[in-house]
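Trainee: Below: one structure in structure tokens.
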């Protein structure tokens, strides 16, 4: 891969949406600039009266890639937005960091990764001795950080509300001090429901440039966080390219890379190898780690009678290690030491559900809930260290069993944020699992899940490409927004109301621009009504001009206005006039 190809690949998507522009809302200090996408609307005219429609501002995750005025260079990485805030606190220090070794990228001996990241090189940061640099620690001390104020503006709440939710453990701010490029965001049930998009190469397919492109593509469509699940060669370098160019938090499953370092043999894993991998990724800037510390030796037999056994890759790795050594998981026995690493860099736990159900037949079984009890125990240990925690959840769960998952998680894990994969509500739709899971995602988001991990049409079938990523993100944005509406999140309905008004007034361009996928909406409209005149027509292709329900409604309103009647009387008077016309014409149905 040539460096130029990475830059060229990403330039192709560095554009704003039609009818939109990037705006920034300033906070209490000049360097708090909160990005939003402002959608311009055309005025209401004609029979609807003359009225200016105010632009609509929406939450934006796309970073500088959709800012026409931003100077983005993939080779250098994004600007370190939070660097000043981190430095001002005075509790961090630079140090040399660990040396990058060939095995970090899956190579042996002197063989090196084929594509090093040649951009901006910084020494990593860590907490000074005796210091804790987590947002949870600051929140519990009563400190409102610039990150919290930034989030408050994004979420339309007060900074104190953000601080209190973080201090209570009900919300987390994933924000590794070595990822200053990230724009602060929050994951918690009292905020917008967030979505995560998974990317990553494998030994079978994909390259560094494809993964960087998928990242910029996913955040364009609304991904709030990214997980790099790479398992092939160049793991370290792929992650470096992604993090240096990513404006949203990045998560990983460190056991994947640790396994690569022992040639894929689970029983050869050791605590020392895993610990070294945690520090390697911490220095790069990973914001949250999925750690399957709840998979205990005694729980493994509980999966024996399942239809689909253990389907979590991380869960299966640790189960295999436990059985091979007949010992308790080193993730569990060394959990306090892991907490020390996490608070040194402000990395959040995403406590993995290694025993999640992989089929609806296995949903809500003994193995799943036994692990959840252990995750509750680990949550309290992490909180003792002021380390941020969210809990991962299923999986495959039929609709009538979804609420029990949320209720149990809230109780056992003391309201720590819940982060679920779907869940998929049926197992019979390979190729359409973005839909089967979005049904469950909307429901579980409504019940209180804070973040939804997207599912693409390729789930269970193959690695997603760029188009699959878009499909998955949009599908999950729909689910998350539906949950926000159901929960009554402040301002959630503004965009819906604006689009409904535009639809009723046949402002087609505004309808396209207000939608989650403006390009798809325009494309579908053009398939049947491609002419430019159709963009101002007072009907659509569904019913045509004579039978358009909204046009008929407007005609009734116009008739009422002309005859000084309310709408109900206008309908009755109109019917009477039509009856007279019918009788005058001879009263025959067929003439």
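Heads up, residue numbers simply count up from 1 along the chain you see.
Including glycine, each Cβ sits where the backbone N, Cα and C put it.
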Trainee: Swiss-Prot tags one of 14-34, 35-55 as region 'Disordered' - which one?
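Mentor: Among 14-34, 35-55, the range Swiss-Prot annotates as region 'Disordered' is 35-55.
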Trainee: From 148, 227, grab the residue that Swiss-Prot records in the same substrate site as 198, 256, 292, 312, 313, 314, 353, 354, 355, 356, 392, 419.
Mentor: 227
Trainee: Using only C-alpha positions, which one of 198, 256, 312, 314, 419 is spatially nearest residue 396 (Zn(2+) binding site)? These are the binding-site residues in the record.
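Mentor: That would be 312, the closest of 198, 256, 312, 314, 419 to residue 396 (Zn(2+) binding site).
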Trainee: Fill in the CA-CA distance, residue 356 (substrate binding site) to residue 460 (Zn(2+) binding site), as an integer in Å.
Mentor: 15
Trainee: Across all the protein chains here, work out how many other Cβ atoms are within 10 Å of the Cβ of residue 356 (substrate binding site).
Mentor: 26
Trainee: Rounded to a whole angstrom, what is the largest C-alpha distance between any two of the residues 198, 227, 256, 292, 312, 313, 314, 353, 354, 355, 356, 392, 419 that the record assigns to substrate?
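Mentor: Answer in Å: the longest Cα-Cα distance is 20.
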Trainee: What residues, ordered by sequence, lie under 8 A Cβ-to-Cβ from residue 460 (Zn(2+) binding site) and sit at least six positions away in the same chain?
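Mentor: Counting only residues 6 or more apart in sequence, the Cβ neighbours of residue 460 (Zn(2+) binding site) under 8 Å are 430, 433.
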